[in-house]
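According to TrEMBL:
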- 146-150, 209, 253, 304-308, 333-338: ATP binding site (BINDING)
- 30-115: domain 'Phosphagen kinase N-terminal' (DOMAIN)
- 143-380: domain 'Phosphagen kinase C-terminal' (DOMAIN)
């Protein structure tokens, strides 16, 4: 079957940009901005992984480097962390080459976040397993409000958001929506572009936890919101339990969701959608890092399996909740996405590790961790 965009302008642009093995010199104004930003970060009380690992010798080694094809600089990678000292990580890859050009800062952050994935390690080949590997986490619907599994993908021969032109945003949107519109059966639905979408409709979708929102300061300062809302959109199936985000943080976010704790059913639906799109789109994968994404926290499997869950006793004891989350490699955050607070006692809890393990292992880590939290909540309620 012919893959959409097998011959396209994006490929031509990539080949032209790749003609030089070295990027252009860093602009003097950008160097001044970089130096000033680094001094402020170093003097701050930031707890970000960027501050932890960007020592002066590494900073001096990297500050004048740029990527070969897109001329991305260190500033392009770390400006979000320089502007937002409350970042947890503080670094993004403006293009895929950044992971190699700026490996001296990306590698230690990747190792820290992904719990020991060293620069000599290689991400394993994909092994997805099946939904039947994961029993229902909450068959009595006592704790879990909803379950969601998503993965991210980048399309080959295109850079990440900060390096995309407005034309390339439109080109990517056309390619991806074309692939989405071939979906059938339980996946059949429609694509809604953000351009022209009424604000009331947009807000309703955000409130229902379907749509990403504009104005994330971490992404904006990373350069990921250029030309907004051009090239962005969302795809729904008719049941609204399968959706795809287009050009939000990554080129594609494939999401499966439903009420309750049936992780296996949700996971199978996500896998089916991913397989269907893979027939028409070529995804970027690195031999060492796995599937490539804008944020290094999502590299590897890119899998994030999560639940919205009520744990009143553990919520009342946040130190114990965080202790258990750390033990089982879970991430706890609010229900409105990263950097948000819990509302109504409901937390969004997911697997944290995505690299150095297979997709099956990543989801199992989440399944085992959520099971342990529910067991702890049950014990606390009996005291």
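If you go along the chain as it appears here, the first residue is 1 and each next one adds 1.
Backbone N, Cα and C define each Cβ position, glycine as well.
Bear in mind that TrEMBL entries carry predicted annotations, made automatically and left uncurated.
A quick note: this is a predicted structure, and the numbers were derived from the prediction, not measured.
Of all the binding-site residues listed here (146, 306), it is 146 whose C-beta has the fewest other C-beta atoms within 10 angstroms.
Ranking the binding-site residues 253, 333 by other CB atoms within 10 A of the CB puts 333 at the bottom.
In the structure as shown, the Cβ atom of residue 149 (ATP binding site) sits within 10 Å of 28 other Cβ atoms. Over the domain 'Phosphagen kinase C-terminal' (143-380), the average per-residue pLDDT in this prediction is 92. As a summary of secondary structure, the domain 'Phosphagen kinase N-terminal' (30-115) carries 51 helix, 2 strand, 33 coil according to DSSP.
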